C-alpha cells in the first residue's frame with residue numbers, strides 16, 4: 001500500500017493565487033514593475049562601484065556583491081512567478097523546482113553571511129580606523145566575499161540534495177508562489193525529521209550566527225560612537241553605517257517575522273495564515289532587494305555623487321555623439 005501511494009513526480013503545481021485571476025493580474029503588473037526597478041537600481045550600484053575609482057573600497061566591493069546577489073536572487077523566482085500568473089498551467093518541472101530551491105537557498109544564505117562581513121567592515125572602520133587599511137586589504141576582503149558565496153553554495157547543495165532524494169506521494173501541489181524548500185518538504189511521504197535537523201543546524205550556523213556577529217559588531221560600534229564628545233562627530237560616524245544597519249533590520253526583521261510570528265488559531269484559519277505567509281515571502285523576495293539600492297543611495301553621499309557623475313558622463317557622451325553625427 002505504501003508503494004502504491006508513492007509515485008515518481010515529474011512536475012509540481014504552484015498554487016500561488018489560483019482562483020483569483022484579477023489579483024494575479026494585479027500582482028503580475030506590480031511585480032513586473034518592481035523587477036525592473038530591482039534590475040535598474042542594483043545594476044546602477046554595480047556599475048558605479050566598478051567605474052568610479054572613489055568607490056574602490058571594501059565597503060563598496062561588498063555592496064556590489066550584495067547588489068549582484070539581489071539580482072540573482074530575484075531572477076531565480078520572479079520570471080517563473082510571472083509566467084505562472086499568466087499561464088493556465090501553473091506547473092514547474094521537478095528538475096526546475098530543484099534548481100529553483102538550490103539557487104534561492106544559496107542566494108539567501110550568501111546574503112546572510114555577506115551582511116555579517118559588511119558589519120565587520122564597519123566595525124573595523126569605526127573602532128580600529130588606524131588598522132583598517134591592513135585588516136581590510138584586498139587580500140582580506142576579496143576572500144571574505146568569495147567565502148560568502150562558497151558557504152551559500154555548499155549549504156544549498158547539501159540541503160537540496162537531501163530534499164530531492166525524498167519519496168513524494170501523489171500530492172504535488174505546492175501552496176506557494178515558488179519552490180520554497182519547506183513547502184516542498186511537506187509533500188514528502190516519508191519522515192523528514194532528518195531534513196529538519198539539517199535545516200536547523202544550517203539556520204543556526206548561517207543565519208543566526210551572522211546575526212549574532214552583526215549584533216556584537218554594532219554593539220561595539222555604538223559604544224565607540226558614544227565616546228565621541230561632539231554630536232556632530234557622532235552623527236558623521238554613525239552615517240557611515242546607518243545604511244547597512246537599515247538593510248540588516250529590514251532583511252532579518254522580515255525573516256524573523258516570517259518564521260517566528262505568533263499564530264492565533266482563534267482568529268485566523270489555516271488558509272488565512274497561508275495567504276499571510278505567501279505575502280510576507282513576496283515582501284522578503286521582492287521588496288527588500290528593491291529598496292536596498294534606494295537605502296544606500298539616499299543615505300550615502302558618495303553613492304549619490306557617483307550616480308550624478310555617471311549621469312553627467314552619459315549626458316556628455318550623448319551630446320558628443322550627436323555633434324559627431326552632424
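Backbone N, Cα and C define each Cβ position, glycine as well.
Worth saying up front: this structure is predicted, and the values here are computed from it rather than measured.
According to TrEMBL, the protein has these features:
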- 25-48: transmembrane segment (TRANSMEM)
- 41-296: domain 'G-protein coupled receptors family 1 profile' (DOMAIN)
- 60-86: transmembrane segment (TRANSMEM)
- 98-120: transmembrane segment (TRANSMEM)
- 141-162: transmembrane segment (TRANSMEM)
- 197-225: transmembrane segment (TRANSMEM)
- 237-259: transmembrane segment (TRANSMEM)
- 279-298: transmembrane segment (TRANSMEM)
Task = Pop the mean pLDDT for the domain 'G-protein coupled receptors family 1 profile' (41-296) in here, whole number is fine.
result = 87
Query = Any contact between the transmembrane segment (25-48) and the transmembrane segment (279-298), i.e. 3 or more CB pairs below 8 Å with pairs at least 6 residues apart?
reply = yes
Query = Between the transmembrane segment (197-225) and the transmembrane segment (98-120), are there at least three Cβ pairs closer than 8 Å, leaving out pairs fewer than 6 positions apart?
reply = yes
Cβ contacts under 8 Å made by the transmembrane segment (141-162) with residues that lie 6+ beyond its boundaries = 58, 61-62, 65, 98, 101-103, 105-111, 113-114, 117, 120-121, 181, 194-195, 198-199, 202, 205-206
Ask   = Same chain, outside the transmembrane segment (98-120) by at least 6, Cβ under 8 Å from its Cβ: which residues?
value = 59, 62-63, 65-66, 69-70, 72-73, 76-77, 80, 92, 141, 144-145, 147-149, 151-153, 155-157, 159-160, 163-164, 178-181, 184, 202, 206-207, 209-211, 213-214, 217-218, 244, 247-248, 251
